[in-house]
Amino acid sequence: MDGEMRKPFIIKQINSISDQQTHVEDGLLKENKESLWMVYLSTFVSIWGSFEYGTCVGYSSPTQAAITEELNLSLAEYSLFGSILTIGAMVGAITSGSIADFIGRKGAMRMSSAFCITGWLSIHFAKDALALDVGRLATGYGMGVFSYVVPVFIAEIAPKNLRGALTTLNQLMISCGVSTSFLIGPLLPWRNLALFSLIPCAIMLVGLLFIPESPRWLAKIGKQREFEAALQQLRGKEADTSSEAAEIQDCTESLQQLPQAKLSDLFQIRYLRSVTIGVGLMVCQQFGGINGVVFYLRQTFVSAGFPPDLGTTICAILPIFVTALGVSLIDRAGRRALLLVSATGLVLGCLLAGAAFFMKDHELLLDAVPALTVTGILVYIGSFSIGMGAVPWVVMSEIFPINVKGVAGSLVTLVSWVGTWVASYTYNYLMSWSTYGTFMIYAVINGLAIIFIARVVPETKGRTLEEIQATINNHEEDQGHRK
């Protein structure tokens with residue numbers, strides 16, 4: 001009798017629990033939906049800085065003939081115009097961390113936009129080489145700051161399960177910016193192409209009015225109320241942010257007890273592994289030859305006997321689709337997996353291109369040389385786009401604690417731009433020495449990158465920034481105690 005009386009009650013309780021679970025699940029779905037839109041909007045606004053970066057890089061290639069003819073520039077004067085962009089970017093890289101720490105992530109993006117706008121207007125109204133160079137230097141500076149602050153801002157606002165994919169959009173938009181300049185450059189007068197390049201800055205400046213500042217930066221400078229409001233805005237009105245806020249606050253408070261970070265502090269045991277990972281990945285990224293190959297892509301296709309217009313068009317479009325594939329994979333496959341696949345593909349691409357030029361130099365199977373060259377270059381560029389192009393910036397934005405992120409980020413970004421200059425400056429000299437030897441050197445460097453990634457770089461997917469940094473720093477401290 002008692003059993004019969006309890007049975008409906010138990011069923012009722014089970015149904016009640018089931019209803020509660022369904023209600024909770026529905027609430028979570030609703031909460032997640034509400035919490036994501038501001039993160040997506042903030043990411044959308046910030047990555048226009050990456051698109052601007054791409055337009056700066058892509059501007060000089062399609063405009064060379066028109067600018068040199070109209071302003072009567074020598075090859076040396078135009079070469080200075082093209083290369084001074086990298087000098088500006090190096091200066092931007094050196095100051096980027098301090099600027100982002102002093103005026104905030106949004107403030108740094110506004111300042112970068114202002115430099116780019118000033119630079120493009122100087123180029124548009126240029127009557128001589130000096131105005132061109134001043135404008136190019138200004139856009140380079142803005143580009144150097146963008147290259148640091150955009151991935152850092154996205155990493156600091158994104159939930160851990162979306163951080164990799166959203167941060168990788170930085171590289172996707174750089175590819176889109178470069179490709180857009182390559183594709184529409186021949187269709188527009190060079191002065192109008194400079195005006196077109198103002199559009200990303202305009203979109204960003206308007207968008208920054210509607211998105212919150214990085215909560216982690218607000219916590220770092222002690223703006224508690226603004227920190228809580230920004231985090232709530234990013235996660236949704238109904239979201240419970242108490243746990244995440246407490247974790248960020250505890251980590252920030254413990255780091256604030258340390259003295260203000262200087263460059264020399266990065267070589268303490270507690271930060272040594274983070275610095276090794278960040279700098280090492282940028283060395284692997286740049287010294288593998290990517291900017292030498294891309295900057296002189298047309299010349300490489302001419303040397304191989306492949307139609308240069310067709311080759312450069314394919315290489316302008318390919319990175320967009322491959323980088324988009326990387327965006328979809330980074331939070332599933334992980335950072336390490338994409339880096340290892342990417343570095344392996346870079347080795348293969350170099351070997352194919354090197355073999356093609358070896359065959360050309362020794363007059364072996366000459367009919368196959370153009371096809372083999374373009375296959376090697378496409379494998380090389382596609383492999384770079386899926387991992388080595390974007391993932392080092394993702395990892396860089398994740399591994400440094402907030403108290404050293406500014407100075408460490410400046411160092412890592414500077415290493416990247418120095419590598420860009422070295423690769424682009426030495427490429428022609430190497431190719432004049434030995435075409436196939438150049439690609440063999442790049443193959444060896446990318447092979448060493450595989451070893452570095454496998455042995456040193458940790459997997460960071462699915463973990464909060466505080467968890468990643470604590471694991472790396474504790475590892476170094478334990479190593480130091482053992483010694």
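Using N, Cα and C of the backbone, Cβ positions are placed for all residues, glycine too.
TrEMBL does not curate its annotations; it predicts them automatically.
Copied from TrEMBL, the annotated features are:
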- 35-461: domain 'Major facilitator superfamily (MFS) profile' (DOMAIN)
- 37-60: transmembrane segment (TRANSMEM)
- 80-100: transmembrane segment (TRANSMEM)
- 138-157: transmembrane segment (TRANSMEM)
- 194-211: transmembrane segment (TRANSMEM)
- 275-298: transmembrane segment (TRANSMEM)
- 310-330: transmembrane segment (TRANSMEM)
- 337-359: transmembrane segment (TRANSMEM)
- 371-395: transmembrane segment (TRANSMEM)
- 407-427: transmembrane segment (TRANSMEM)
- 439-457: transmembrane segment (TRANSMEM)
Averaged pLDDT, computed only over the residues in the domain 'Major facilitator superfamily (MFS) profile' (35-461): 87
Highest-contact recorded stretch vs the transmembrane segment (371-395), from 80-100, 138-157, 310-330, 407-427, CB pairs under 8 Å: 310-330
Long-range Cβ neighbours of the transmembrane segment (439-457) (under 8 Å; 6 or more residues past either end): 273, 276-277, 280-281, 284, 287-289, 293, 335-336, 339-340, 343-344, 346-347, 350-351, 353-354, 357, 376, 388, 395, 430
Contact call for the transmembrane segment (407-427) against the transmembrane segment (80-100), three or more Cβ pairs under 8 Å: yes
Stretch contact, the transmembrane segment (37-60) with the transmembrane segment (194-211), Cβ-Cβ under 8 Å, 3+ pairs: yes
When counting Cβ pairs under 8 Å to the transmembrane segment (80-100), the leader among 138-157, 194-211, 275-298, 337-359: 138-157
Chain residues in Cβ proximity to the transmembrane segment (138-157) (below 8 Å; excluding those fewer than six residues from its ends, i.e. six or more beyond): 39, 42-43, 46-47, 49-50, 52-53, 56-57, 84-93, 95-97, 99-100, 105-106, 108-109, 111-116, 118-120, 122-123, 163, 166-167, 169-170, 197, 212, 214-217, 234, 393-394, 396-398, 405, 409-410, 413, 416-417, 465
